[in-house]
Every structure is written in C-alpha cells, then in structure tokens.
Amino acid sequence: MNKTVDMKANKKTHIIQTIFKKYMIYILFIAIFAISSFASPAFLKVSNLVNILRQTAIYAIIAFPITMLIISGVTDLSPGSVAAFTGVAGIVAYVDLTTKMGVNAVLAGLLAVAYSILLGIIIGFVNGIIITRFKVPAFMATLAMMTSIRGAALLYTGGNVIYQIGDIAVLGKGSIIGIPIPVLIMLILFVFFTILLKKTMYGRYIYAIGGNEEAAVASGINVNKIRMISYIVQGAMGGLAGILLMCRLNTGQPTAGEGYEFDAITGAVLGGTSFTGGEGTMFGTLVGILIVGMINNIFNLLSVQSYYHQILKGVLIVVAVIIDMRGKNSKVTA
Amino acid sequence: MMERTALLEMKNISKSFPGVRALDHVNLKVEKGEVHILVGENGAGKSTLIKILCGLHTDYEGEIVIEGKKVSLKDPHDALKYGIATIHQELNQVPTMTIAENLFLGREPLGRGNMLIDDRRIYKEAKAILEAQGLTYDPHMLVRNLTVSQMQMIEIAKSVSQNARIIIMDEPTSAITDAEVKVLFQCIKRLKAEGVGIIYISHRLEEMFEIGDKVTILRDGQYIDTKDVKDVSRGDIIKMMVGRELNNIYPEKKHKVTDKVVLEVKNLTGHKRFENISFKLHAGEILGLAGLMGAGRTEIARALFGLDPIHSGEVYLEGKRIAIKNTSDAMKHGIMMATEDRKRYGLVLKATIGENIGLPNLKQFLGKSGFLLSDKREREKEKEVFDELGVKAPSMHTRASALSGGNQQKVVLAKWILANPKVFILDEPTRGIDVGAKYEIYKIMTELASKGMAIIMISSELPEVIGMCDRVIVMREHYLSGEVSGEEINQEYIMEFASANVEELRKANAR
C-alpha cells in the first residue's frame, strides 16, 4: 500500500515539475508585467507599451532565426554587429540615392532595405561557409564575425554618426492602421517563422539535427545545406533588423545594436529553447523576447543604473537554463 | 555442512521508479572466486540491480551484506571502499589523459607539502599496476589511442589496484573482437584464482557456459532462480528468461530469391577499410555479411549508404551505374541502412516515435503547395507502419527514448520501410534486443524479402546468420574471403572463411 502512495506522490511532483516548466514563461511574463505596473506609473501608458513593442520588434526579428539556430544545436553571436553594419550601409545608400541621384523616396527606400538584407545574406553566407566547410565551431566563427563586422561598420562611416537620414525613418517611426511598422513586420515574420519551423521539411530537419546530428545524417539529411540556409536566413534578418533599427533611431549609428544577439538569445532561452538542441518554439521566443523588452523598458523608466539591469538579465538566463536542465534530468530518472 | 559466509549477499532487494516496479524482492549471492552470471531480457532489472550495488541508486528496500557485514552504500565511492568495482559498458576514461593519469584519477598521490601531484610516483605505480595484470602498455600512452579491449584491461587493472573484491562487468564483450574476448576470459580466470567474485552480465549465452559458475535469472524485476551453470542448458535459461518456451527462433522462410540482380558491387575499395569487394544482391534475397568484428563489414555498408567515402570501384543498381557521395544520394537510389548503433545513428531520442518515422520521409507528406507538410497525411502514413510492425508504445507521440531496445529497433525499421528501400542493409539488427523481440525483427525481415526487397544482414552472431540468410559472404581483414549458400551455410564453413589466411588473400587480390 505504502508503495503505491509513494509512486503517486512521485508522479505528482513529476507532473508539477512538467507544468511548471511549461508555464514558467507565462507566469514570469505576468509577474514582470505586474511588478512593472506597480513600479512605475508610466509603464502602463499606451504610448509606453507601444514603445516597448517597437523596441522589442527589432530584437524579435533577430531572435526568430536565432531560435532556429539554437534548436539545430548552433548559435550566432554576430547579429548585433551585422545589424549595425548593414543598417549604416543601408542608410548611406538611401541618402546617396535620394540626395545625389534624385531617386524618389519610395524606390530608394525599397532599394536601401534590399541592400541591407543583401549585405546580411552575404555575411550569413560567409558565416555558413566558415562553419560548414572549414568546420570552425559556430561559437568561435560568429564571435570572430561579430568583431570584424563591428569594425567594418565603424570603418564605413569613419566612426561618425550619420544624421539627417531623411524620410526612410518612417520605417522605424511610422505606423500603419495604428500598428508601428516594425511591430507589423515582426508579426508577419512571427507567422512566417512559425510555419517554417513547424510545417516545412526544413523546420523538421532543424529539430532533427539539433536532437541528434549523426542520426540526421544517417536519415539522408544534408546537414551542411540546412546549416547554410539557417545562417543565410539569420544574416538576412540581421540586415532587416539593422535598417529598421537605424530608422527607429533616426540616425545611422555604427555602434548601435551592441548586445542585441545576447538579448535575442536570452529571449529564446527564456522561451524554452534548449541550448542542448532539438527543442524550442517561435511562440516561446516571442514571449521571451517581450519579457526582455519589458525588463529593458522598466529599468529605463525607473532610471536605475544599467548595471543592475545587466545583473538581472544574467540571472534570468541562468535560471532559465537551470529549469531547462532540471526538466531533462527528471526525464532520465523516470 | 557448515554454511560459508558469502562474499556478497543481496537480500530481498526492491526498487521502484515512478510508475514502475523495477525490482521486486531480488536475491543475489556471490562467493569468493565465483563468476556469477546475471541474465534477463532488457528491462528485467539487471542494470537497476547493478546500479544499487555500485552505489548509484541509494533508495532501495532490502539489504546488502558483504562478508557477513551489513552495509549501506551511499555513492560509487563508498561502494569502492567496500571493494565493489564496476566495469561499465561505456568505459569511463578520459581519452585525452594518459593511462597512468586515468589509473589515478580522483586519487592522485600528492608530493611534499600535499599540494602538487606527484607525477613520478603516478607513473612508477601505474607501471607496477599494469605489470601485476600482465599488461605491457606504456603508462605514458594516451587512452585515446587504446582499443576498447585495452581500455577494459586498464579498467580491470585499476579495480584490482583499488583492492576490489567484487568486480561487476556489464556486457564486457559487446564491443570487442573474438580474440580480445579470449584475453578477457583469461583475465577473469586469473581474478577468480585470486578469490575475486565477478558478476557478469551478457546477452551472449554461449559465454555463460564458457566462464560462468552460477547463473541468476531475472524477469520483469522478479527473481526467478539461481542455478549452477553446469546443471542447465541454453534452452532452460531462455525459458526462464522469457517465461515461455521459444519453439521457433527463426521464422519460416516465405520469401523466394529471384534472378533479378538489384545491386552489384564491383571491386569496391574504401581507404584502408575494405579492398576489392565484389558481390551481387538479388531481389527477395537476404544476404549475410559475416566475418569477425573489424573485418570491414560495417565499413562496406556505410560506404554503400554514403556515410563513408568510396575510394574506388563501381556500384550498379538494377544494371545502372550509380554514384554515392552522401546519404541523400544513397536514399534517392533506394539504398538504405539501419545502422548498428541505434541510439547514435538510428534515432533522435528526444523526438517522438512519429517524428522519427517521418524524418527520412517528409517528401511524401508534402501537400499540394509542395512546401508545407500535410499533418493528416503524415499521421496516416506513420500510423500505418507503426501498426504494421507492432511497435509497443502508448502512442505515436511517445518519445523514442522511452522505448525498449526492441521497440526502438522497430521504429528504426519502420522509418526505412516507409521510405520503401530497394536495398535494405541491416547492421546487427538484433544487438542488445531480447529474445522475444528478436523473433519479431526476423519476421519483419522475411516479410520484406517476400515482397521482393533485397536485404543485406550484417551480424556477429553466427546462429542468426545461419538461421536467416539465403547466402552468406564472409570477410577477413578487409577482403572478401568466401561465399556460402544453401546447405553450405553452417558454422564450420563460415568460421573457416572468417579466419582465412590473410597473406594468401592479399596475394590473390593483388593479382
């Protein structure tokens, strides 16, 4: 008799653990939302909430593809630098096109965005080649890229900030039917990446590679090809995030975007993406990145020293990973 | 007669996991100098029992008595203090460290001042430890450069140097060659003579008769019996293990070998792994690829499946020459392989059964758009093979990691069967699978062959090769050494080819 009770109790704690792991992110979201509302009266203002979304959108655009990379067992540390470089380059292109060549603003805007994305794709391609062809670990390859591309961004403008970027700023500051343009883009990309991850062969291969790369190869999957595509997509999104970021800042800043990759990774991990690969969802990442956005915002509103802010973000990452690992350990013993 | 005090006694051991009773009042008694074989199907509770004995599971019921003294083991370190050492199936050595460093890992002797490690002493003592076991390796050698068998010997030497009186060996022969098994058995005999008690776990029943004194049988966590090895037959043991008599070890041959050549391999050579291999494979045929471990069997299969590069030679599929550069090439041509190491190459363990079955077959599930997968079609197709093969699992959404070895293997087979191979290579398809599930795997194989599939079966277990194959080709040290078919398929012929004179083979192939 005793034993059955024991087993039931065991099962119960197991279920509680699973539920806790599954809903932790939502509890955290609500908790931080509630705390922030009490901490600052400015937090709940519509203008502030819209502002959070507008800022978060750019992180999210980087976080979606990075989620796929992490699920497939690799990572990318370069997106922040990529955003700075491609953003500045896009802005310079726009300014040149409109002022020197007299191209109309809409066409120039489209060309500038395309240019940023194209540069991002090239960088992603180089990352992919270094990682798949030369077998450099992704962490090191993209760390190197992070440093080099930051240098390239600074070199591009001679270290200067570009002011008077013109009408293209509307991409970062404007709204369509009341929704800020970056938020709209984020939502479209969210749907796109969700479908890509859940409903296509590419997405399924991402999970398989992260779950067991050798088994994926032995199932006829061309792992290098999938990795190349992932880095190219990551690069493209870095480019898109870059131009939107500059538009939101209304300047071309070669130092912008620093640490964006870390916020994106934090969002993904908070959202349940496993650093050991094979697990994660886009919705989790969206919620996770919103949490990061809220935290960034409330610290700003409270004008607390950013040192505390950094400490808290670090703590959050560790807690998220501990919960992820504990979930795994309990599975092993069961 | 006076009862001697046993070296080790485990009495009424019980252990539960959430939802499972893993052990139910199990007894085990080991005397000095005795080799005690522990047998049972997968999931019978062998590993749980061993984990309790080596201090990994501490929350059990029942008692452990060592030389008359009741003990409670808190952790593996504690177990070692009582003289219990375990040689695990996966050897726990640090490949980047030297033999000596591994021998003293966690108990490094310190020099003056008790601060720094006394390296000179480590190497001196390591040499002595190795010599005591008759091993001549240089203690400065990196463990990375050793074979599995050599690492095992090091591990045993380490146990002895730590005054182990009970050594547990968990499937020690699963990854070593026949010649190495002989060396291991000699070592076991030496330990026996020194009065060490050995608990030996193996799926290979033949080994039991070679070195065992006593045998304890477990089934579904229950203690069945302990017998003197000399008093039992193979059949008795199997009966006690599975709880019923197994009349048919192999299914009836329903398939017919046709004349149609599906695969032809000509002078295939892989860099230093196999040389000048030629053979034909027919539709509806089960071709055995036999030979000792390391002879190059798996390597040929891996090359045909695109996992390893082909150096030279030609591969023809249904008369047409094909090039295989990677696994997706092989799959496109219909050559598929269920690899030897299921957990490493066969399955994504954290994915569900359905996801695993679907993995190589996603193209079949694409909807009209050609881009999005159709959930419905996927579920239907996966369910079909899942049911057809009789995978025992709560649902398709069960994670592959939760399945037994036999059911995992069925999932691997299911995923390839759905992909409909023309040539299906099975490398050690029944390794680590219990007797009952083996029969089901065999049945699936004969059914596939009867549908006209061409099958290559690689196996180290000769009875299985003899029972299943229509024709057998034998390898010896990277060369093909012979072929037997029909009535000629027997142990003697195959062994003769498997141990053929290497010099002569080399000369014959050089011509």
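Each Cβ is built from the backbone N, Cα and C atoms, and glycine gets one as well.
Caution: TrEMBL annotation is automatic and unverified by curators.
Listed in TrEMBL:
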TRANSMEM  A:23-44  transmembrane segment
TRANSMEM  A:56-75  transmembrane segment
TRANSMEM  A:82-99  transmembrane segment
TRANSMEM  A:105-126  transmembrane segment
TRANSMEM  A:138-156  transmembrane segment
TRANSMEM  A:176-197  transmembrane segment
TRANSMEM  A:283-301  transmembrane segment
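With Cβ pairs under 8 Å as the measure, the transmembrane segment (A:283-301) is packed most heavily against A:23-44, out of A:23-44, A:56-75, A:82-99, A:105-126, A:138-156. Most Cβ pairs under 8 A with the transmembrane segment (A:138-156) among the ranges A:23-44, A:82-99, A:105-126 are made by A:82-99. For the transmembrane segment (A:176-197), same-chain residues at least 6 beyond its ends with a Cβ under 8 Å from one of its own Cβ atoms are 50, 53-54, 56-58, 60-61, 64-65, 67-68, 71, 170, 203, 206, 237, 240, 244, 248, 281-283, 286.
With a threshold of 8 Å between CB atoms, the same-chain residues lying at least 6 positions outside the transmembrane segment (A:56-75) that come near it are 83, 131, 138-139, 142, 180, 182-183, 185-186, 189-190, 193, 196-197, 203, 206-207, 209-210, 213, 226-227, 230-231, 233-234, 237-238, 240-241, 244-245, 248, 260-261, 263-265, 267-269, 271, 273-282, 284-286, 288-290, 292-293.
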